[in-house]
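As written in Swiss-Prot, here are the features:
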DISULFID  50-64  disulfide bond
DISULFID  52-60  disulfide bond
REGION    97-112  region 'Endothelin-like'
REGION    157-180  region 'Disordered'
SIGNAL    1-26  signal peptide
């Protein structure tokens, strides 16, 4: 009979060999080469699939910059990890962004699709703040209020119906079982 510590060492060794073989097989079957570590690269390189024409276009920034941490703040959603805003002039390209690889079909579709919302720093044409102050919005405010009241009434009626149903039909927890 084998001693207990020897048996445990044998089991641990067999497990390590099996895990090592499994790891090497999965690495051999993967199609893409492993990414180099941060130390091997020298400095941290940001993973980007494209370059946005405007930093104010948050949807574009979120799509293009793959390693950004987004933090919800009370007034806005702020991207962290982008560094300082660019000090160059805004591009006058008709596209939303430029892809780094033309073979990335998702990126090409996203960057070159029309129409895409224009981002503006100052309230101007088409900005949400302008829409709040137009007379067109004020005329539909009554309709919005009516719809909100309808939604509230429907929710209230549904809740009352559920409460009445619960008090009317007290079901046993074992209603499907027959007593023998």
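Glycine is no exception: its Cβ is also placed from the backbone N, Cα and C atoms.
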Using all protein chains in view, find how many other C-beta atoms are within 10 Å of the C-beta of residue 60 (disulfide bond).
-> 22
C-alpha of residue 64 (disulfide bond) to C-alpha of residue 52 (disulfide bond): distance in Å?
-> 7
Far apart in sequence but close in space: which same-chain residues, 6 or more away, have a Cβ under 8 Å from residue 50 (disulfide bond)?
-> 60, 63, 64, 97, 98, 99, 100, 107, 110, 111
Cβ density check for residue 64 (disulfide bond), other Cβ within 10 Å (all protein chains) comes to 24
On average, residues of the region 'Endothelin-like' (97-112) score a pLDDT of 87
Residue counts (helix, strand, coil, in that order) that DSSP gives for the region 'Endothelin-like' (97-112) = 8 helix, 3 strand, 5 coil
Which residues, sitting 6 or more apart from residue 52 (disulfide bond) on the same chain, put a CB under 8 Å from its CB?
-> 60, 61, 64, 96, 97
